[in-house]
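All remarks here apply to the structure that follows.
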Amino acid sequence: YQYPLMFGLILAFCWCSLVCCSRIYMGMHSILDVIAGFLYAILILVVFHPVVDLIDNFNLTYKYAPLIIISLHLALGIFSFTLDTWSTSRGDTAQILGCGAGVACGSHVNYIMGLKLDPPPDTLPLSLSSLTVTVFGKAILRLLIGVIVLLLTKVAMKKATIPLACKIFRIPHDDVRKARQRMEVELPYRYITYGTVGFSLMFIVPSLFHFIGLS
(Lines of atoms letter the chains of each structure in order from A and count residues from 1; the text may use other names and numbers.)
(Lines give C-alpha, C1' and ligand atoms only; values in the text may rest on other atoms or scores of the structure.)
Protein backbone atom coordinates (compact mmCIF):
# COMPACT_ATOMS: atom_id res chain seq x y z
CA TYR A 1 0.00 0.00 0.00
CA GLN A 2 1.02 3.57 -0.64
CA TYR A 3 1.31 5.43 2.65
CA PRO A 4 3.22 8.48 3.94
CA LEU A 5 6.91 7.83 4.54
CA MET A 6 6.84 9.48 7.97
CA PHE A 7 4.00 7.18 9.06
CA GLY A 8 6.06 4.13 8.08
CA LEU A 9 9.16 5.39 9.87
CA ILE A 10 7.22 6.13 13.07
CA LEU A 11 5.54 2.73 12.99
CA ALA A 12 8.86 0.93 12.43
CA PHE A 13 10.55 2.90 15.23
CA CYS A 14 7.74 2.22 17.71
CA TRP A 15 7.60 -1.49 16.88
CA CYS A 16 11.37 -1.91 17.13
CA SER A 17 11.45 0.00 20.42
CA LEU A 18 8.67 -2.11 21.93
CA VAL A 19 10.41 -5.35 20.97
CA CYS A 20 13.79 -4.22 22.31
CA CYS A 21 12.37 -2.83 25.56
CA SER A 22 10.27 -5.93 26.17
CA ARG A 23 13.33 -8.17 25.96
CA ILE A 24 15.11 -6.02 28.56
CA TYR A 25 12.01 -5.73 30.78
CA MET A 26 11.45 -9.50 30.78
CA GLY A 27 15.10 -10.07 31.66
CA MET A 28 15.73 -12.11 28.50
CA HIS A 29 18.52 -9.85 27.23
CA SER A 30 20.77 -7.06 28.40
CA ILE A 31 21.02 -3.63 26.80
CA LEU A 32 24.27 -4.72 25.13
CA ASP A 33 22.49 -7.81 23.72
CA VAL A 34 19.76 -5.64 22.22
CA ILE A 35 22.24 -3.21 20.66
CA ALA A 36 24.27 -6.08 19.18
CA GLY A 37 21.09 -7.72 17.88
CA PHE A 38 19.94 -4.47 16.28
CA LEU A 39 23.28 -3.98 14.52
CA TYR A 40 23.33 -7.63 13.46
CA ALA A 41 19.85 -7.22 11.97
CA ILE A 42 21.10 -4.29 9.89
CA LEU A 43 24.03 -6.42 8.69
CA ILE A 44 21.66 -9.23 7.68
CA LEU A 45 19.48 -6.72 5.81
CA VAL A 46 22.45 -5.31 3.90
CA VAL A 47 23.71 -8.77 2.92
CA PHE A 48 20.42 -10.45 2.00
CA HIS A 49 18.36 -7.58 0.59
CA PRO A 50 19.98 -7.77 -2.89
CA VAL A 51 19.15 -11.50 -3.18
CA VAL A 52 15.67 -11.51 -1.61
CA ASP A 53 13.90 -11.80 -4.99
CA LEU A 54 16.23 -14.62 -6.06
CA ILE A 55 15.59 -16.58 -2.85
CA ASP A 56 11.85 -15.94 -3.05
CA ASN A 57 11.71 -17.11 -6.67
CA PHE A 58 13.60 -20.30 -5.71
CA ASN A 59 11.21 -21.01 -2.82
CA LEU A 60 8.19 -20.58 -5.06
CA THR A 61 9.25 -22.27 -8.30
CA TYR A 62 11.81 -24.99 -7.55
CA LYS A 63 10.20 -28.41 -7.37
CA TYR A 64 12.12 -29.65 -4.33
CA ALA A 65 12.22 -26.32 -2.52
CA PRO A 66 10.08 -27.51 0.46
CA LEU A 67 12.44 -30.45 1.09
CA ILE A 68 15.47 -28.16 1.01
CA ILE A 69 13.78 -25.53 3.19
CA ILE A 70 12.75 -28.03 5.87
CA SER A 71 16.15 -29.76 5.86
CA LEU A 72 18.03 -26.45 6.10
CA HIS A 73 15.90 -25.16 8.97
CA LEU A 74 16.21 -28.44 10.85
CA ALA A 75 19.99 -28.45 10.42
CA LEU A 76 20.25 -24.86 11.64
CA GLY A 77 18.37 -25.75 14.80
CA ILE A 78 20.08 -29.05 15.55
CA PHE A 79 23.70 -28.08 14.90
CA SER A 80 23.55 -24.55 16.30
CA PHE A 81 22.92 -25.73 19.87
CA THR A 82 25.25 -27.73 22.07
CA LEU A 83 24.02 -26.60 25.49
CA ASP A 84 25.02 -28.24 28.76
CA THR A 85 21.86 -26.93 30.43
CA TRP A 86 18.39 -26.05 29.21
CA SER A 87 17.80 -22.55 27.89
CA THR A 88 14.77 -20.78 26.43
CA SER A 89 16.96 -19.58 23.56
CA ARG A 90 16.99 -23.04 21.99
CA GLY A 91 13.22 -23.28 22.00
CA ASP A 92 12.76 -19.73 20.73
CA THR A 93 15.17 -20.34 17.86
CA ALA A 94 13.49 -23.62 16.92
CA GLN A 95 10.13 -21.86 17.01
CA ILE A 96 11.30 -19.12 14.64
CA LEU A 97 12.93 -21.60 12.26
CA GLY A 98 9.86 -23.84 12.25
CA CYS A 99 7.52 -20.95 11.57
CA GLY A 100 9.77 -19.68 8.78
CA ALA A 101 9.85 -23.10 7.14
CA GLY A 102 6.06 -23.37 7.37
CA VAL A 103 5.55 -19.95 5.80
CA ALA A 104 7.96 -20.75 2.94
CA CYS A 105 6.29 -24.12 2.27
CA GLY A 106 2.84 -22.55 2.39
CA SER A 107 3.90 -19.96 -0.17
CA HIS A 108 5.29 -22.72 -2.39
CA VAL A 109 1.99 -24.64 -2.27
CA ASN A 110 0.06 -21.46 -3.14
CA TYR A 111 2.27 -20.96 -6.19
CA ILE A 112 2.10 -24.58 -7.34
CA MET A 113 -1.71 -24.61 -7.04
CA GLY A 114 -2.02 -21.33 -8.89
CA LEU A 115 -3.59 -19.46 -5.99
CA LYS A 116 -2.85 -15.80 -6.69
CA LEU A 117 -3.42 -14.40 -3.23
CA ASP A 118 -1.28 -11.32 -3.92
CA PRO A 119 -2.15 -8.57 -6.43
CA PRO A 120 -0.21 -8.45 -9.72
CA PRO A 121 3.02 -6.41 -9.53
CA ASP A 122 1.78 -3.91 -12.13
CA THR A 123 -1.05 -2.85 -9.81
CA LEU A 124 1.31 -1.91 -6.97
CA PRO A 125 1.46 0.19 -4.92
CA LEU A 126 -2.17 0.01 -3.82
CA SER A 127 -3.91 3.07 -2.47
CA LEU A 128 -5.55 2.97 0.94
CA SER A 129 -9.33 2.65 0.62
CA SER A 130 -11.72 4.59 2.81
CA LEU A 131 -12.61 2.88 6.09
CA THR A 132 -16.28 1.92 6.11
CA VAL A 133 -18.32 -0.11 8.55
CA THR A 134 -18.37 -3.02 6.09
CA VAL A 135 -14.59 -2.97 5.56
CA PHE A 136 -13.95 -2.69 9.30
CA GLY A 137 -16.37 -5.52 10.14
CA LYS A 138 -14.84 -7.73 7.47
CA ALA A 139 -11.33 -7.08 8.82
CA ILE A 140 -12.39 -7.92 12.38
CA LEU A 141 -14.13 -11.10 11.20
CA ARG A 142 -11.02 -12.18 9.29
CA LEU A 143 -8.90 -11.49 12.36
CA LEU A 144 -11.12 -13.52 14.67
CA ILE A 145 -11.43 -16.49 12.32
CA GLY A 146 -7.72 -16.48 11.53
CA VAL A 147 -6.66 -16.32 15.18
CA ILE A 148 -9.08 -19.10 16.16
CA VAL A 149 -7.84 -21.40 13.37
CA LEU A 150 -4.18 -20.77 14.25
CA LEU A 151 -4.78 -21.28 17.99
CA LEU A 152 -6.62 -24.54 17.35
CA THR A 153 -3.78 -25.66 15.07
CA LYS A 154 -1.21 -24.85 17.75
CA VAL A 155 -3.13 -26.64 20.52
CA ALA A 156 -3.76 -29.74 18.40
CA MET A 157 -0.15 -30.06 17.26
CA LYS A 158 1.17 -29.45 20.77
CA LYS A 159 -0.99 -32.22 22.22
CA ALA A 160 0.13 -34.59 19.45
CA THR A 161 3.86 -33.86 19.16
CA ILE A 162 4.97 -33.80 22.81
CA PRO A 163 3.64 -37.28 23.75
CA LEU A 164 4.83 -38.68 20.43
CA ALA A 165 8.36 -37.33 20.88
CA CYS A 166 8.44 -38.64 24.47
CA LYS A 167 7.33 -42.06 23.24
CA ILE A 168 9.87 -42.21 20.42
CA PHE A 169 12.81 -41.16 22.62
CA ARG A 170 11.50 -43.02 25.70
CA ILE A 171 11.27 -39.95 27.87
CA PRO A 172 8.73 -39.87 30.75
CA HIS A 173 6.01 -37.35 29.99
CA ASP A 174 4.31 -37.25 33.37
CA ASP A 175 5.89 -33.83 33.89
CA VAL A 176 5.41 -32.11 30.53
CA ARG A 177 7.36 -29.02 31.59
CA LYS A 178 10.41 -31.12 32.47
CA ALA A 179 10.08 -33.25 29.34
CA ARG A 180 10.07 -30.14 27.14
CA GLN A 181 13.48 -29.18 28.52
CA ARG A 182 14.98 -32.17 26.69
CA MET A 183 16.24 -31.33 23.21
CA GLU A 184 14.74 -34.56 21.82
CA VAL A 185 11.28 -33.29 22.79
CA GLU A 186 11.62 -29.54 22.52
CA LEU A 187 12.98 -29.34 18.97
CA PRO A 188 10.41 -31.66 17.30
CA TYR A 189 7.60 -30.02 19.28
CA ARG A 190 8.62 -26.51 18.30
CA TYR A 191 9.44 -27.32 14.68
CA ILE A 192 6.32 -29.33 13.90
CA THR A 193 3.89 -27.19 15.88
CA TYR A 194 5.01 -23.79 14.64
CA GLY A 195 5.85 -25.10 11.19
CA THR A 196 2.21 -26.18 10.90
CA VAL A 197 1.07 -22.81 12.25
CA GLY A 198 3.18 -21.02 9.62
CA PHE A 199 1.81 -23.26 6.87
CA SER A 200 -1.75 -22.62 8.06
CA LEU A 201 -1.08 -18.89 8.10
CA MET A 202 0.02 -18.84 4.46
CA PHE A 203 -2.19 -21.52 2.89
CA ILE A 204 -5.03 -22.89 5.01
CA VAL A 205 -6.38 -19.63 6.48
CA PRO A 206 -6.28 -17.66 3.17
CA SER A 207 -7.93 -20.62 1.41
CA LEU A 208 -10.63 -20.64 4.09
CA PHE A 209 -11.20 -16.91 3.57
CA HIS A 210 -11.50 -17.47 -0.17
CA PHE A 211 -13.97 -20.31 0.36
CA ILE A 212 -16.29 -18.32 2.65
CA GLY A 213 -16.01 -15.11 0.64
CA LEU A 214 -13.80 -13.07 2.97
CA SER A 215 -10.85 -12.61 0.62
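Each Cβ is built from the backbone N, Cα and C atoms, and glycine gets one as well.
Those TrEMBL annotations? Automatic predictions, nothing curated.
Outside the transmembrane segment (6-25), and at least 6 residues removed from its termini, the chain residues within Cβ reach (under 8 Å) are 31, 33-34, 38. TrEMBL lists 6-25 (among others) with the feature transmembrane segment.
The annotation domain 'Phosphatidic acid phosphatase type 2/haloperoxidase' is assigned in TrEMBL to 9-52. Over the domain 'Phosphatidic acid phosphatase type 2/haloperoxidase' (9-52), the average per-residue pLDDT in this prediction is 92.
According to TrEMBL, the transmembrane segment annotation covers 32-52 (among others). Among residues of the same chain six or more beyond the transmembrane segment (32-52), those with a C-beta under 8 A of the stretch's C-beta atoms are 16, 20, 23-24.
Annotation source TrEMBL lists transmembrane segment at 64-83 (among others).
Annotated transmembrane segment per TrEMBL: 95-113 (among others), in sequence order. Proximity of distant same-chain residues to the transmembrane segment (95-113), defined by a Cβ-Cβ separation under 8 Å and at least 6 residues beyond the stretch ends, is recorded for 59-61, 65-66, 69-70, 73-74, 76-77, 190-204, 206.
According to TrEMBL, the feature transmembrane segment maps to 133-152 (among others). For the transmembrane segment (133-152), same-chain residues at least 6 beyond its ends with a Cβ under 8 Å from one of its own Cβ atoms are 197, 200-201, 204-205, 208-209, 214.
Counting only same-chain residues 6+ beyond the ends of the transmembrane segment (191-212), those with a CB under 8 A from a CB of the stretch are 70, 73-74, 77, 94-103, 105-107, 109-110, 115, 117, 142, 145-146, 149-150, 153-154, 157-158, 161. What TrEMBL lists as transmembrane segment is 191-212 (among others).
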Query raised in the report: Can you tell me how the residues of the domain 'Phosphatidic acid phosphatase type 2/haloperoxidase' (9-52) break down into helix, strand and coil by DSSP?
Result: 39 helix, 0 strand, 5 coil
